[in-house]
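*Asks:* Sequence annotations record features per position, and here TrEMBL assigns repeat 'PPR' to 68-102, 169-203, 231-265, 293-327. Per TrEMBL, domain 'PDZ' is recorded for 897-974.
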Amino acid sequence: MQVSRLGNLLENFITADQAKQIHCQIVINNLHNLEPLLVRQILKCAAHYSARTTHYVRLILRRMRNRDAFSASCTIRYLSQHGQFRDAIDLYSESHASGIFPNTYAVSSALKSCTRVLYETGGLMIQGQAQKLGFCEVVFVQTALLAFYSKMGDMVVARKAFDEIRERNVVSWNSLLGGYVKCGNLAMAQSVFDEMPEKDVVSWTSMVSGYVRGKDMERAYELFRRIPERSSTSWNVMITGYIECGKMELARSFFDAMPERNSVSYITMISAYSACGNVECAKELYDQHVEKDLLLYNAMISCYAQNSRAKEALQLLDELLKPNARFQPDKITLSSAISACSQLGDSEYGAWIESYMREMGIRMDDHLTTSFIDLHAKCGNIDKAHELFNGLQKRDLVAYTAMILGYGINGILTAYSHVGLVEEGYHCFISMQRHGLVPTQDHYSIMVDLLGKAGQLEEAYELIKSMPTRPHAGVWGALLLACSLHSNVELAEIAASHCFELEPDNGGYYSLLAGIYASAGRWEDADRFRRAVGEKGLVKIAGSRPQFSYASSACALVSRLYSNASQIVDGVFSLCLQRKFSNKTVLIRAAALAAAGSGTFCFASSSGHAAFVYLGNASISVSMPSPVRDSLAWPWRTIEGSIPFPSFTHSNHSQYGLLPLSFSKPDNVPDANISKGAAWDAGDSPKHCCNCLGRDTIANAAAKIGPAVVNLSVPQGFIGITTGKSIGSGTIIDEDGTILTCAHTVVDFQGLRSLSKGKVEVTLQDGRSFEGTVVNADLHADIAIVKIKSKTPLPTAKLGTSSKLRPGDWVVAMGCPLTLQNTVTAGIVSCVDRKASDLGLGGMHREYLQTDCAINPGNSGGPLVNADGEVIGVNIMKLLGADGLNFAVPIDSVSKIIEHFKRNGRVVRPWLGLKMIDLNDMIVAHLKERSASFPDVRRGVLIPMVSPGSPADRAGFRPGDVLVEFGGRPIESIKEVIDIMGDKVGKPFKAVVKRENNVTETLTVIPDEANPAL
């Protein structure tokens, strides 16, 4: 009965306390045959690795009356899966020594562990045992052997092992590929990659990592872009590559662009920030990550310890030691904590860590032993340090350094310095000279440290000046450290100048001086020296422990130094509407500025509804308040009876009409705006042949989406007087009542229409009517979101993708104007990336889908549909100079905008203030003919105009510059510039431009946000 009851319990989830209670019953009732099941269930129910759990399980294994292979194999596998590779190997050895023959899972897990810790001898021994047991024909053992030899760099044997695998799978191929990548043989790696019958994300990522290892980030990036489905590991590899190349800004931009970040992503960035001394940014990322694991704790504790923030390191350790903590510290955690204790001279905390290790069964290894040597030596217990040193199995440079420093620290002068006995220390220093002993540089360093800690900085400086030999960096560093303790900027600058000269590659001095400037409120100087650490590729030399802190992060500093550009044109038009525009000259100048920035301007017809600007053969429909139009009294050509709705608003293009928002092919990286959760999936829709159009194809597509197409009606008027209603169309895209439409249907240049107060009348095809609310609108892309609430189900449309459209594909333009249900116009795509500049719109580098599905005003905002009835665009306009054509915003671009709306409540668009033109061979040849001094470039972005007072103007851009590098990456198109910026406002970007006679300049530009009020 008891056996049955306990057996049932062991089939369910159990906690650690329940496991102990069950174990107690097993022992009391002499039911030792249930112990293997207990071991299995404890490990199975452990959601995370726990040193306490592992210690308990190993105690059970050691005290088992009948030790079995099943229990040992489960534990070995558990340890290997949770990264405890050495423990897994040790348990495998123990089991084999006690006569237990492990199963194939244990063999493959032990081989994996040997692979991960590069334990070649152990791997060879396990291979021999596997052959003896007949396991070498098992596919996952063969794969483990292949991975082992690949990791050891023996690719001849690895290839032989691969060839012997009868049933190769993608894991086998990836192991071979990874081996060639690791040994740097990219040619063979590429050959294997090309030969693979099936590639997964691991295959692609391995090749990317190969180029990253070779510091060829351009090829790595190109391959990264081609990965069909990127994993977090793919992104992490790119981030690591940029970090190793010293390009922290690019690394951060990739990190910010990741669709899903894992702990490795955060740990990689935190470790990078730690290495360059930027603890604040590391802490910011640490706080962002909600689901923290032990590795993340370790990274942050290590960051604090490495940057002389010992108290904070131990405070974070205390969090892990709370009773309700999900994790227990491991060896890495404790090693960093011991280092923090060494910095604080806290031997009591160090002693507690030793007792904790004994309690938890954490065995001392050489790394931990070295940390304890450093702690005991610095705390004055040199005998204990020497005892530990003699017990080391392998003594490396760090261990010797810790021991030598320990002996030195425990000298007389150091003892006086540590307890702050300035007078006694000084007398000891003088007595050395009286007895014929010449003080060394290190003796002077200790005296400077002693005087400095006591606040006698001037005396310390005089002592340095009296030295018979030139002081080394340790002496000046001691003074610099003392200056940081007492915030003495003047002496700090003197000491730092000598440190920079003597050890120019030690970034610790830069960081220390930056901290001193920050404490004195000199933020610009602090930021300049902090950035110098990253820009010059400086590192903190091991053993140096400068203490520094920043009073603010770089982002906060930038926000104080820079503000958004003034909304000049917006202000002028605001005055116009208030009839405060008596000075027409000012207005005309503002209008000229707008025209120069966007390449177009606008005016209104006598009805006040429509306006046209003629640029060459193209004309566009725009809007402008009648009072503004009337005040200018310019010879406008007005066309009566034209389209009764405003298609575009160009009231302030001088500021944000210079850069593109969206594109029809959003595959460039990094781009944090790619909508991962959008409702469309290119792989879901059935494939259709564009050349095989049946009689029902168009009708079926229209019928499929028709019920979700709605009519939108908004009151129009001026100064509170209703003059009519605007009409347009929209598409319901989800069951919550979200309607996708174009902005000009529901929004005018002031924002939400003053008469409608953001309310829209929505009429469905089935006659139902709702009051909708405009929740988001972006005038630049002409996209808006309207919401309705319904107690009954709503018809919805499926979003497709526009990235795979080709000229010649059949499409359908849908609309619901007034009471005309299902207005349908069929046609073909004639251009998939028609640029705004091609249409005479100027300024903004938007791209549209061009079709011959002509629309009328009531169809604006309606869906452009493919032959499968999926929305692939939003109809927004037609041009008078291009009768019969329709232009739509690609749905992939719309998805980005929706993602902006969800994340920020608006579209965050960086603004540089540059007019830009993509260069090609023909344009370059033409410019060369006009001016022989034009720079020797084949590709790049030409800057024909820089807006006065813009971020680009402040950064030093000039008309005629050719932008060849932006954000640390070579660029060839405006689109690449936009992709690099993403939605980063207030963040500095490096730009390399070429000027006349091939003069190269490096500029730093900080984008403002374009029209943040929208």
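Placement of Cβ uses the backbone N, Cα and C atoms for every residue, glycine included.
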*Asks:* Who are the long-range neighbours of the repeat 'PPR' (169-203) in its own chain, taking Cβ under 8 Å and residues 6 or more past its ends?
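*Replies:* Same-chain contacts beyond the ends: 139, 142-143, 146-147, 149-151, 153, 155, 158-159, 162, 209-211, 213-214, 227-231, 233-234.
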*Asks:* Summarise the model's confidence over the repeat 'PPR' (68-102) as a mean pLDDT value.
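*Replies:* On average, pLDDT over the repeat 'PPR' (68-102) sits at 85.
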*Asks:* For the repeat 'PPR' (293-327), find every same-chain residue at least 6 residues outside the stretch whose CB is under 8 Å from a CB in it, and list them.
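*Replies:* Beyond its ends, the repeat 'PPR' (293-327) has Cβ neighbours at 48-50, 263-264, 266-267, 270-271, 273-275, 277, 279, 282-283, 286, 333, 336-337, 339-341, 343-344, 346, 349, 540, 545-549.
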*Asks:* With DSSP as the reference, give the number of residues of the repeat 'PPR' (293-327) in helix, strand and coil.
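*Replies:* Breakdown, helix to coil: 24 helix, 0 strand, 11 coil.
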